[in-house]
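Undergrad: Below is a structure I'd like to ask you about.
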Amino acid sequence: FYLLLLCKNEKGREEIKMKLESVVVSAAINFGLAIFILSLFALLKKQPFYAPIYYARRFYLGHRNVPDSDHRSFSFRRLLPEIDWIFRAVRVTEEEILQNCGLDVLVFVRLFKFGIRFFLVCSIVGLLVLLPLNYTGSNGPNTSSHSMDAFTISNISRGSDRLWVHFSFLCFVSCYGMYLLYKEYNDIFIKRIQQICNRRCEPEQFTILVREIPFCNEHNIRGCNVDHFFSKHHPYSYQSFEILYDGKHLDKLLAKSLTKKIEDLRHLSALKKHSRYDAKIEQLEDMLQTLGREIRRVQCRMTIEQKELPVAFVTFSSRWGTVLAAQSQQHTNPLLWITEMAPEPRDVIWQNLAIQYRHLPLYRIVILVAASLLTIFFVLPVTAVQGIAKYERLKKWFPPAMAVDLIPGLRSIVTGYLPSAILNGFIYIVPFAMIGLARLAGYISRSKKDLNACNMVFYFLVGNVFFLSLLSGSLLDQLGESFSHPKDIPNRLASAVSSQADFFVTYILTNGLAGFSLEILQPGLLLWDTLKFYTWDRGKKKHPYVYSLPYYRIVPFVALCMLIGIVYAVVSPLLLPFLVGYFLLGYAVFINQIEDVYITTYETCGLYWPYIHHYIIVAIILMQVTMIGLFGLKAKPSASFSVIPLMVITILFNEYCKIRFLPTFNQVSVQDAKNNDDLDKKDRLEEENVRKALDAYSPPCLRPLDLGLEGTSSTKPFLSPT
């Protein structure tokens with residue numbers, strides 16, 4: 001209604017109605033789907049049958065205060081959807097998130113809060129100042145062929161002094177963004193130091209990972225060489241070491257459906273009163289006992305044959321000694337005795353430690369080439385999507401498409417909702433492909449693997465979804481007319497970015513409303529759980545579906561939407577309110593998921609924020625580069641040159657943040673390590689913490705075997721008592 005009121009005549013109003021029809025249809029479809037999906041979620045969440053899906057985290061942690069879990073009998077209240085999860089999401093505090101889930105999850109939540117604060121302020125200024133200015137900026141009648149061009153910078157006349165208002169808004173957006181970034185970086189920087197102090201008992205603070213260990217000249221093994229080397233060069237803090245072994249053969253044994261056999265034994269033991277199961281139970285017991293003896297034999301043979309790897313975890317008696325050893329060069333040859341801080345024991349990818357350190361660059365190059373090929377492969381579907389969005393061009397290429405005009409309203413669905421829905425469907429598989437590639441890159445921890453996958457997914461989305469959609473949708477379809485009318489090239493190039501604003505509005509609506517709604521509903525798990533319950537798991541006890549927060553799948557998509565919003569903040573301020581709604585819905589959805597569904601499988605103490613900071617800086621610089629071109633094409637070179645100092649300030653700000661904050665995220669200072677050691681002495685926790693670290697990094701192939709059968713050392717038998 002606000003847009004229509006800006007139109008001065010009836011013809012203009014009718015034109016706006018026609019041009020905005022596709023966007024309105026897309027918004028209506030996405031809003032309808034979101035309301036339906038969220039209502040279905042609110043209904044299913046109250047059913048005890050689906051508690052293992054929607055309360056997986058609470059079940060996993062042993063919490064029994066699951067809402068409505070005690071109402072097993074039917075009641076009409078269970079058929080009424082409720083929105084308590086939204087109010088609970090609003091009430092949760094950052095301190096609760098930090099205490100229950102860790103700093104990584106809090107950083108993830110702060111990303112949504114950053115988006116809400118940033119785009120809310122920019123929306124208010126943009127809608128009140130730039131939007132009326134853009135619509136009234138044309139000297140003649142508006143002949144734009146794009147639905148939102150009348151409200152973008154492309155509607156401003158060439159050489160108009162109104163462009164200085166856009167320059168002022170550009171400065172405001174850039175400076176406000178940098179202010180929020182600095183504030184967030186500084187706050188998370190402080191929380192990281194405090195989080196490391198609060199986690200003083202964790203074994204990774206006393207342990208380093210050593211790679212490329214040479215053989216001992218005297219005994220021709222690596223184990224004793226580790227002890228000799230660190231006893232000599234770190235005599236005051238060295239405590240012990242854990243050499244790693246090649247356990248491939250043992251891993252194959254452990255992979256022989258051991259867990260499945262034990263679960264079958266559990267299930268059958270519960271039915272032991274039926275004599276027809278006795279023989280099956282005895283058979284499974286014999287199989288498990290035989291497998292256990294084989295595993296123990298391999299463990300002993302492994303020790304005898306000394307299948308050592310050039311890798312070891314070395315434990316120190318103080319954090320001060322650990323930090324000095326991890327962050328210094330140990331040998332004249334930098335390819336020997338390579339040290340780094342050890343990841344958390346639960347974060348270690350043990351099989352990747354067997355990869356030789358010198359081969360890792362080759363692994364990374366292969367993965368980079370594979371990711372590039374995947375990016376190139378997706379050029380075809382993205383281009384095809386833009387062909388659907390540009391209906392007039394589609395009719396020229398594919399005449400049968402004109403049949404769409406025969407059904408009223410279908411054209412708006414095809415050109416408005418369908419392209420963004422297809423694009424989201426295609427790129428949904430990208431994060432899973434990238435995390436698969438990251439697994440092959442040889443990273444020693446899940447956190448590093450996820451961070452690498454985050455980067456690959458983000459740049460894939462920027463290249464394919466943003467740049468390719470921009471080029472294929474705004475420039476390629478105008479090249480013919482540009483060559484026939486050379487004088488119109490500047491105007492056509494100036495409208496290249498703004499002409500795709502309607503497509504990105506529909507993309508954000510689909511990715512936000514439908515995407516976040518499907519995230520909270522988890523339809524894939526619902527179908528899988530139903531299939532299991534009525535087929536091979538019939539009669540068995542249901543277990544919670546426990547997963548960690550998929551940073552690699554969520555952070556890049558959120559960062560892409562933030563990039564789109566920042567780039568279009570000055571070009572098309574009409575896009576900004578959609579971003580506010582996007583981040584509000586995302587915040588509510590993921591607070592619910594963090595509280596009830598996802599568990600924490602590792603803690604990097606906020607290491608995700610430098611990556612998020614980088615993504616936002618890229619968006620701000622990309623916005624400034626875009627405005628330099630647009631001001632030049634609008635015959636305002638003075639405004640273009642004025643943007644250059646602003647870009648220099650942004651780059652210098654980013655470099656300052658790298659110097660001021662980034663080293664603390666990549667390393668641990670000696671001062672912090674010494675302060676934490678002093679706190680341990682004060683609390684008399686030194687010996688206890690070191691003892692925990694000594695036992696934490698035993699490789700899986702050397703851990704005691706626990707089959708849960710009689711005669712073993714199991715404290716919790718797998719067989720239920722009869």
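Positions of Cβ are set from backbone N, Cα and C atoms, glycine also.
What TrEMBL says about a protein is an automatic prediction, not a curated fact.
The feature domain 'CSC1/OSCA1-like N-terminal transmembrane' is assigned by TrEMBL to 23-184. Sequence annotations record features per position, and here TrEMBL assigns transmembrane segment to 23-44, 114-135, 163-182, 365-389, 425-444, 456-476, 504-528, 549-568, 574-591, 612-633, 639-657. Under the heading domain 'CSC1/OSCA1-like cytosolic', TrEMBL lists 205-352. Summarising the annotation, TrEMBL assigns coiled coil to 274-301. Annotation comment: TrEMBL describes 364-631 as domain 'CSC1/OSCA1-like 7TM region'. Feature annotation from TrEMBL assigns region 'Disordered' to 698-722. Here TrEMBL flags 711-722 as compositional bias 'Polar residues'.
So that I understand the layout, could you describe where these features sit and how close they are to other parts?
TA: Long-range contacts of the transmembrane segment (114-135) within its own chain (CB-CB distance under 8 A, at least 6 residues past either end) are made by residues 2, 6-7, 150-153, 155-156, 162, 165-166, 169, 172-173, 176-177, 180, 184, 558, 562, 565, 569-570, 573-574, 576-577, 579-580, 582-584, 586-587, 616.
The list of residues near the transmembrane segment (504-528) in space but at least 6 beyond its ends in sequence, with Cβ under 8 angstroms from a Cβ of it, reads 22-23, 26-27, 30-31, 33-34, 37-38, 40-41, 44, 50, 53-54, 148, 416-417, 419-421, 423-424, 465, 469, 545, 557, 561, 564-565, 568, 574-575, 578-579, 581-582, 585-586, 589-590, 592-593, 597.
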Undergrad: The transmembrane segment (639-657) and the transmembrane segment (549-568): do they have three or more Cβ pairs under 8 Å, with pairs 6 or more apart in sequence?
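TA: Output no: the transmembrane segment (549-568) is apart from the transmembrane segment (639-657).
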Undergrad: Mean pLDDT for the domain 'CSC1/OSCA1-like cytosolic' (205-352), as a whole number?
TA: 76
Undergrad: Grab the same-chain neighbours of the transmembrane segment (574-591) for me: Cβ-Cβ under 8 Å, and only residues 6 or more beyond its ends, written as numbers and ranges.
TA: 3, 34, 85-86, 88-90, 92, 108-109, 112-113, 115-116, 119-120, 122-123, 126-127, 131, 148, 151-152, 501, 504-505, 508-509, 511-513, 516-517, 519-520, 554, 558, 561-562, 564-565, 568
